[in-house]
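Q: Annotated Zn(2+) binding site per TrEMBL: Cys108, His111, Cys179, in sequence order. Per TrEMBL, domain 'GTP cyclohydrolase I' is recorded for 38-215. The annotation region 'Disordered' is assigned in TrEMBL to 1-37.
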Amino acid sequence: MDAVLKSLSVRAPEAADKRSDAPRPAPVTERPTRQEAEAAVRTLLRWAGDDPDREGLIETPKRVVKAYEQIFGGYRQDADAILDRVFEEVEGYSDIVLVRDIPFHSHCEHHMVPFMGHAHIAYYPRRGVVGLSKLARVVDTFARRLQTQETMTAQIADVIDSVLHPRGVAVMVEAEHLCMAMRGVQKSGVSTITTQFTGVFKQDPTEQVRFLTLVRDRR
Ligand SMILES: Nc1nc2c(ncn2[C@@H]2O[C@H](COP(=O)(O)OP(=O)(O)OP(=O)(O)O)[C@@H](O)[C@H]2O)c(=O)[nH]1
Ligand SMILES: [Zn+2]
(Lines of atoms letter the chains of each structure in order from A and count residues from 1; the text may use other names and numbers.)
(Lines give C-alpha, C1' and ligand atoms only; values in the text may rest on other atoms or scores of the structure.)
(Ligands and ions follow the chains in the order given, each with its own letter.)
Protein backbone atom coordinates (compact mmCIF):
# COMPACT_ATOMS: atom_id res chain seq x y z
CA MET A 1 0.00 0.00 0.00
CA ASP A 2 2.81 2.39 0.98
CA ALA A 3 4.53 1.61 -2.32
CA VAL A 4 1.36 2.43 -4.22
CA LEU A 5 0.97 5.74 -2.40
CA LYS A 6 4.62 6.61 -2.99
CA SER A 7 4.37 5.80 -6.68
CA LEU A 8 1.41 8.17 -6.96
CA SER A 9 3.29 10.83 -4.96
CA VAL A 10 -0.04 12.39 -3.99
CA ARG A 11 0.16 15.59 -2.02
CA ALA A 12 -2.17 15.48 0.96
CA PRO A 13 -4.99 17.98 0.25
CA GLU A 14 -4.70 19.45 3.74
CA ALA A 15 -1.00 20.15 3.14
CA ALA A 16 -1.73 21.63 -0.27
CA ASP A 17 -4.38 23.99 1.01
CA LYS A 18 -3.15 25.06 4.48
CA ARG A 19 -3.78 28.78 4.97
CA SER A 20 -0.61 30.60 4.05
CA ASP A 21 0.64 33.34 1.79
CA ALA A 22 2.92 30.91 -0.03
CA PRO A 23 1.76 29.94 -3.53
CA ARG A 24 -0.18 26.69 -3.42
CA PRO A 25 0.14 24.58 -6.52
CA ALA A 26 -2.69 22.18 -7.29
CA PRO A 27 -2.23 18.64 -5.95
CA VAL A 28 0.09 16.71 -8.24
CA THR A 29 0.17 13.03 -9.12
CA GLU A 30 2.50 11.26 -11.45
CA ARG A 31 0.16 10.89 -14.40
CA PRO A 32 -0.29 7.59 -16.18
CA THR A 33 -0.19 7.73 -19.96
CA ARG A 34 -3.38 8.33 -21.92
CA GLN A 35 -3.11 4.74 -23.15
CA GLU A 36 -2.99 3.43 -19.57
CA ALA A 37 -6.01 5.57 -18.64
CA GLU A 38 -7.96 4.26 -21.64
CA ALA A 39 -7.04 0.67 -20.70
CA ALA A 40 -8.39 1.30 -17.19
CA VAL A 41 -11.72 2.42 -18.67
CA ARG A 42 -11.87 -0.77 -20.76
CA THR A 43 -11.36 -2.78 -17.56
CA LEU A 44 -14.20 -0.93 -15.84
CA LEU A 45 -16.49 -1.54 -18.82
CA ARG A 46 -15.76 -5.26 -18.53
CA TRP A 47 -16.28 -5.05 -14.75
CA ALA A 48 -19.69 -3.44 -15.36
CA GLY A 49 -20.54 -6.47 -17.51
CA ASP A 50 -20.28 -5.10 -21.03
CA ASP A 51 -18.07 -5.76 -24.05
CA PRO A 52 -15.63 -2.87 -24.68
CA ASP A 53 -15.12 -4.12 -28.26
CA ARG A 54 -18.73 -3.76 -29.35
CA GLU A 55 -19.37 -0.92 -31.79
CA GLY A 56 -21.11 1.44 -29.36
CA LEU A 57 -18.32 1.20 -26.79
CA ILE A 58 -15.22 1.04 -28.95
CA GLU A 59 -14.56 4.81 -28.74
CA THR A 60 -15.79 5.11 -25.14
CA PRO A 61 -12.42 4.83 -23.35
CA LYS A 62 -11.10 7.71 -25.51
CA ARG A 63 -14.20 9.80 -24.75
CA VAL A 64 -14.06 9.09 -21.02
CA VAL A 65 -10.40 10.07 -20.77
CA LYS A 66 -11.11 13.27 -22.73
CA ALA A 67 -14.07 14.01 -20.44
CA TYR A 68 -11.86 13.43 -17.37
CA GLU A 69 -9.45 16.08 -18.64
CA GLN A 70 -12.29 18.58 -18.36
CA ILE A 71 -14.16 17.42 -15.25
CA PHE A 72 -10.94 16.91 -13.29
CA GLY A 73 -9.13 19.85 -14.89
CA GLY A 74 -8.96 21.60 -11.50
CA TYR A 75 -5.83 19.65 -10.60
CA ARG A 76 -3.97 21.63 -13.23
CA GLN A 77 -5.34 25.03 -12.20
CA ASP A 78 -3.96 27.41 -9.59
CA ALA A 79 -6.70 29.16 -7.63
CA ASP A 80 -4.26 31.70 -6.18
CA ALA A 81 -3.32 32.91 -9.67
CA ILE A 82 -6.98 33.43 -10.60
CA LEU A 83 -7.30 36.07 -7.87
CA ASP A 84 -4.13 37.88 -8.91
CA ARG A 85 -5.71 40.97 -10.42
CA VAL A 86 -7.27 43.43 -7.98
CA PHE A 87 -9.22 46.53 -9.06
CA GLU A 88 -8.51 49.34 -6.64
CA GLU A 89 -10.48 52.12 -8.34
CA VAL A 90 -13.84 51.44 -6.72
CA GLU A 91 -14.38 54.87 -5.07
CA GLY A 92 -13.48 53.46 -1.68
CA TYR A 93 -16.18 50.78 -1.83
CA SER A 94 -15.63 48.53 1.17
CA ASP A 95 -19.06 47.06 1.90
CA ILE A 96 -20.08 43.47 1.27
CA VAL A 97 -19.65 41.89 -2.18
CA LEU A 98 -21.86 38.81 -2.55
CA VAL A 99 -21.90 36.57 -5.60
CA ARG A 100 -24.62 34.01 -5.15
CA ASP A 101 -26.01 31.00 -7.03
CA ILE A 102 -22.75 30.03 -8.70
CA PRO A 103 -23.56 26.63 -10.20
CA PHE A 104 -20.95 23.88 -9.97
CA HIS A 105 -20.48 20.18 -10.68
CA SER A 106 -18.01 18.13 -8.67
CA HIS A 107 -17.31 14.48 -7.86
CA CYS A 108 -17.22 12.95 -4.40
CA GLU A 109 -13.91 11.45 -3.46
CA HIS A 110 -15.56 8.39 -1.94
CA HIS A 111 -17.44 7.06 -4.96
CA MET A 112 -16.31 9.32 -7.83
CA VAL A 113 -19.98 10.07 -8.42
CA PRO A 114 -21.16 13.64 -9.15
CA PHE A 115 -22.46 16.08 -6.62
CA MET A 116 -23.76 19.40 -7.84
CA GLY A 117 -25.35 22.56 -6.60
CA HIS A 118 -24.61 26.22 -5.97
CA ALA A 119 -21.99 28.21 -4.11
CA HIS A 120 -22.54 31.64 -2.56
CA ILE A 121 -19.48 33.76 -1.80
CA ALA A 122 -19.21 37.05 0.06
CA TYR A 123 -16.30 39.15 1.19
CA TYR A 124 -15.61 42.57 2.66
CA PRO A 125 -12.87 44.13 0.52
CA ARG A 126 -9.91 45.67 2.27
CA ARG A 127 -7.88 46.88 -0.72
CA GLY A 128 -9.83 46.78 -3.96
CA VAL A 129 -12.05 44.10 -5.42
CA VAL A 130 -11.59 41.13 -7.74
CA GLY A 131 -13.42 40.48 -10.99
CA LEU A 132 -16.72 38.76 -10.19
CA SER A 133 -16.09 35.97 -12.69
CA LYS A 134 -12.90 35.10 -10.82
CA LEU A 135 -14.93 33.93 -7.83
CA ALA A 136 -16.84 31.54 -10.11
CA ARG A 137 -13.51 30.37 -11.57
CA VAL A 138 -12.21 29.65 -8.07
CA VAL A 139 -15.30 27.51 -7.42
CA ASP A 140 -14.70 25.56 -10.65
CA THR A 141 -11.02 25.05 -9.86
CA PHE A 142 -11.84 23.25 -6.62
CA ALA A 143 -15.02 21.59 -7.93
CA ARG A 144 -13.09 19.97 -10.77
CA ARG A 145 -11.21 17.74 -8.37
CA LEU A 146 -12.28 14.77 -6.25
CA GLN A 147 -13.84 16.40 -3.24
CA THR A 148 -15.88 16.35 -0.12
CA GLN A 149 -18.27 19.27 0.10
CA GLU A 150 -16.69 20.35 3.38
CA THR A 151 -13.16 20.44 1.93
CA MET A 152 -14.30 22.34 -1.14
CA THR A 153 -16.11 24.94 0.99
CA ALA A 154 -13.04 25.45 3.18
CA GLN A 155 -10.67 25.66 0.19
CA ILE A 156 -12.77 28.38 -1.49
CA ALA A 157 -12.86 30.49 1.69
CA ASP A 158 -9.18 29.87 2.39
CA VAL A 159 -7.84 30.96 -0.99
CA ILE A 160 -9.92 34.18 -1.02
CA ASP A 161 -8.84 34.94 2.54
CA SER A 162 -5.15 34.35 2.00
CA VAL A 163 -4.80 36.03 -1.41
CA LEU A 164 -7.06 39.08 -0.94
CA HIS A 165 -6.73 39.56 2.82
CA PRO A 166 -10.30 40.86 3.01
CA ARG A 167 -11.97 41.86 6.28
CA GLY A 168 -13.91 38.62 6.08
CA VAL A 169 -15.07 35.84 3.76
CA ALA A 170 -18.30 33.85 3.87
CA VAL A 171 -18.90 30.80 1.72
CA MET A 172 -22.03 28.66 1.56
CA VAL A 173 -22.32 25.58 -0.62
CA GLU A 174 -25.60 23.77 -1.22
CA ALA A 175 -25.46 20.48 -3.10
CA GLU A 176 -27.11 17.19 -3.92
CA HIS A 177 -24.88 14.12 -3.86
CA LEU A 178 -25.79 11.51 -6.45
CA CYS A 179 -23.95 8.87 -4.42
CA MET A 180 -26.82 9.26 -1.94
CA ALA A 181 -29.50 9.36 -4.65
CA MET A 182 -28.45 6.74 -7.23
CA ARG A 183 -26.90 4.14 -4.97
CA GLY A 184 -26.40 3.24 -1.31
CA VAL A 185 -29.14 4.79 0.79
CA GLN A 186 -30.98 5.98 -2.40
CA LYS A 187 -32.48 9.21 -1.11
CA SER A 188 -33.16 11.78 -3.85
CA GLY A 189 -33.69 15.49 -3.35
CA VAL A 190 -31.57 15.69 -0.20
CA SER A 191 -29.55 18.89 0.01
CA THR A 192 -26.43 19.37 2.08
CA ILE A 193 -25.43 22.86 3.21
CA THR A 194 -21.92 23.77 4.32
CA THR A 195 -20.59 27.16 5.41
CA GLN A 196 -17.19 28.60 6.19
CA PHE A 197 -16.63 32.03 7.72
CA THR A 198 -13.47 34.03 8.30
CA GLY A 199 -12.73 37.48 9.76
CA VAL A 200 -15.75 39.63 10.57
CA PHE A 201 -18.13 36.89 9.45
CA LYS A 202 -16.60 34.56 11.99
CA GLN A 203 -16.40 37.11 14.79
CA ASP A 204 -19.76 38.81 14.39
CA PRO A 205 -22.98 36.75 14.25
CA THR A 206 -24.87 39.73 12.79
CA GLU A 207 -22.56 39.57 9.76
CA GLN A 208 -23.44 35.89 9.33
CA VAL A 209 -27.13 36.81 9.51
CA ARG A 210 -26.60 39.54 6.90
CA PHE A 211 -24.89 37.06 4.60
CA LEU A 212 -27.58 34.41 5.07
CA THR A 213 -30.36 36.98 4.56
CA LEU A 214 -28.81 38.24 1.31
CA VAL A 215 -28.34 34.67 0.07
CA ARG A 216 -31.95 33.80 0.84
CA ASP A 217 -33.59 37.12 -0.21
CA ARG A 218 -35.11 36.33 -3.62
CA ARG A 219 -36.90 39.67 -4.27
N1 LIG B 1 -19.09 14.34 4.88
C2 LIG B 1 -19.24 14.02 3.58
N3 LIG B 1 -19.61 12.76 3.25
C4 LIG B 1 -19.77 12.49 1.94
C5 LIG B 1 -19.57 13.43 0.92
N6 LIG B 1 -19.83 12.82 -0.26
C7 LIG B 1 -20.17 11.55 0.03
N8 LIG B 1 -20.15 11.35 1.37
C9 LIG B 1 -20.41 10.18 2.22
O10 LIG B 1 -19.28 9.40 2.31
C11 LIG B 1 -19.67 8.25 3.02
C12 LIG B 1 -18.79 7.08 2.67
O13 LIG B 1 -19.16 6.09 3.57
P14 LIG B 1 -18.59 4.60 3.57
O15 LIG B 1 -19.30 3.84 4.65
O16 LIG B 1 -17.11 4.66 3.63
O17 LIG B 1 -18.95 4.08 2.11
P18 LIG B 1 -20.29 3.35 1.60
O19 LIG B 1 -20.35 1.96 2.14
O20 LIG B 1 -20.29 3.46 0.11
O21 LIG B 1 -21.46 4.23 2.27
P22 LIG B 1 -23.00 4.42 1.82
O23 LIG B 1 -23.05 5.61 0.92
O24 LIG B 1 -23.72 4.65 3.12
O25 LIG B 1 -23.43 3.16 1.11
C26 LIG B 1 -21.16 8.09 2.73
O27 LIG B 1 -21.86 8.26 3.94
C28 LIG B 1 -21.46 9.23 1.76
O29 LIG B 1 -22.77 9.75 1.92
C30 LIG B 1 -19.18 14.73 1.31
O31 LIG B 1 -18.96 15.62 0.49
N32 LIG B 1 -19.02 14.98 2.63
ZN1 LIG C 1 -19.98 9.64 -2.64
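Here the Cβ of each residue, glycine as well, is placed from N, Cα and C on the backbone.
Keep in mind that TrEMBL annotations are predicted by a computer and have not been checked by a curator.
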Q: What residues, ordered by sequence, lie under 8 A Cβ-to-Cβ from Cys108 (Zn(2+) binding site) and sit at least six positions away in the same chain?
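A: Once residues fewer than 6 apart are set aside, Cys108 (Zn(2+) binding site) is near Pro114, Phe115, Leu146, Gln147, Thr148, His177, Cys179.
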Q: Using Cβ atoms only, which residues of the same chain lie under 8 Å from His111 (Zn(2+) binding site) while being at least 6 residues apart in sequence?
A: Cys179, Arg183
Q: Taking the Cβ of Cys179 (Zn(2+) binding site) as the centre, count every other Cβ atom within 10 Å, in any protein chain shown.
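A: If we count other Cβ atoms within 10 Å of Cys179 (Zn(2+) binding site), we arrive at 16.
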Q: Tell me, by DSSP, whether His111 (Zn(2+) binding site) is helix, strand or coil?
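A: His111 (Zn(2+) binding site) sits in coil per DSSP, no helix or strand.
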